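Asks: One structure, as structure tokens, below. Some questions next.
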Amino acid sequence: MDYSEIMVRHGELSTKGKNRMRFINKLKNNIQDVLAPFPAITVRSDRDRTHVSLNGTDYQPIVEALKLVFGVQALSPVYKLEKSVPLLVTAVQDIMTSLYRDGLTFKIATKRSDHAFELDSRELNSLLGGAVFEVLPNIQAQMKHPDVTLKVEIRDEAAYISYEEIKGAGGLPVGTSGKGMLMLSGGIDSPVAGYLALKRGLDIEVVHFASPPYTSPGALAKAQDLTRRLTRFGGNIQFIEVPFTEIQEEIKNKAPEAYLMTLTRRFMMRITDAIREQRKGLVIVNGESLGQVASQTLESMQAINAVTSTPIIRPVVTMDKLEIIEMAQAIDTFDISIQPFEDCCTIFAPDRPKTNPKLGNAEKYEERFDIDGLVQRAVSGIVVTEITPEIVNDEVENLIDALL
């Protein structure tokens, strides 16, 4: 027998009361986005489950994709069949025969939500257990901690049989907690911050600053590859490329070296906030970790934050670098993050950046700039690209291949 579908069990969604179906429908849409590379797949949801019909598609890559989607508590490959006692008996016998080995223990666990079905749960457990003994007389039944728990569900539309329960990613479906702008540089920390924001249901749009010719096409492709990795957790992501060359050259030419980083980050924050307002986001997310670098001391954060009243979420702020690296490796962004492409935060980095910049000094130096004009030109020059989970070679790999 081949699996018919993957049955998805919802996580925290069961606690959402009147909003439950809104959360479930969002999860369904996210699953459809993530599984877009598999055109034969169909997805439907009810209040208790989401059903991913395989329609002949190999189940293993579907399971691997679904395990990453936030809002999924658990999933099971299942056999779907008509609600017929003879069909159930044959299916249970075939499945257990395929799983049998010496010493194997099992139990049948039946759940009947269709109360019009001819047998109740207790009767089905007895009948199907007896059917297993008919073909496997040496198998042992065990009610506590058996090797195999064969779950049989009798629902209104069909019967379902499964024996695997695979842990999902948990969290909330992406998009159920509003929208935020993720400042993604291309380093290790910001993709991890994005992952953690996605886990709590935040719909992120990625803001990436590019300063050609100081930053290369490879740096841009790297940021897009990182964004593509994040689409595995909740579907498509809007990637916003911000032209930043003019501003960086202005800062380099007119500001004291010690304040280059502070002023650069203040402009980035202003621009991100303007994009957030334009695109109806609610928060800004970044990968700052307290004390990790000069721009991430409390004094620096205070001086940079002063340009906006928008909430700033810093998911990795209390994490050690090694903890962030471990998470980056777990979500498969680390190898991309360490590719040796420059970013806007490093190209004009001073040898001795100010670790305790004074807000008054930053504001005084900014009097040398046409702040509104610079921000407006940057925002008007953004390029928005929708990044999807399609199975393609990484952009950076394509670029390297082209060069070779």
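Even glycines carry a Cβ here, placed using N, Cα and C.
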Asks: Among G175, G201, G218, G287, which is the one Swiss-Prot gives for the ATP site where M183, L184, H208, F209, R265, Q296 also bind?
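Replies: Only hit among G175, G201, G218, G287 in Swiss-Prot's ATP site, alongside M183, L184, H208, F209, R265, Q296: G287.
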Asks: Let me know the DSSP-derived helix, strand or coil state of R265 (ATP binding site), please.
Replies: helix
Asks: Counting across all protein chains shown, how many other Cβ atoms sit within 10 Å of the Cβ of Q296 (ATP binding site)?
Replies: 20
Asks: With the ATP site defined by the record as M183, L184, H208, F209, R265, G287, Q296, how many Å span the farthest pair of C-alpha atoms?
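Replies: Spelled out: the longest distance between any two Cα atoms in M183, L184, H208, F209, R265, G287, Q296 is 19 Å.
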Asks: Using DSSP with the three-state reduction, classify L184 (ATP binding site) as helix, strand or coil.
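Replies: In three-state terms, L184 (ATP binding site) counts as coil.
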Asks: Restricting to the same chain and to sequence separations of six or more, state which residues have a Cβ under 8 Å from that of F209 (ATP binding site).
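Replies: Correct list: S185, V242, F244, M268, I271, D343, C344.
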Asks: Would you identify which of the binding-site residues M183, L184 has the most other C-beta atoms lying within 10 angstroms of its C-beta?
Replies: L184
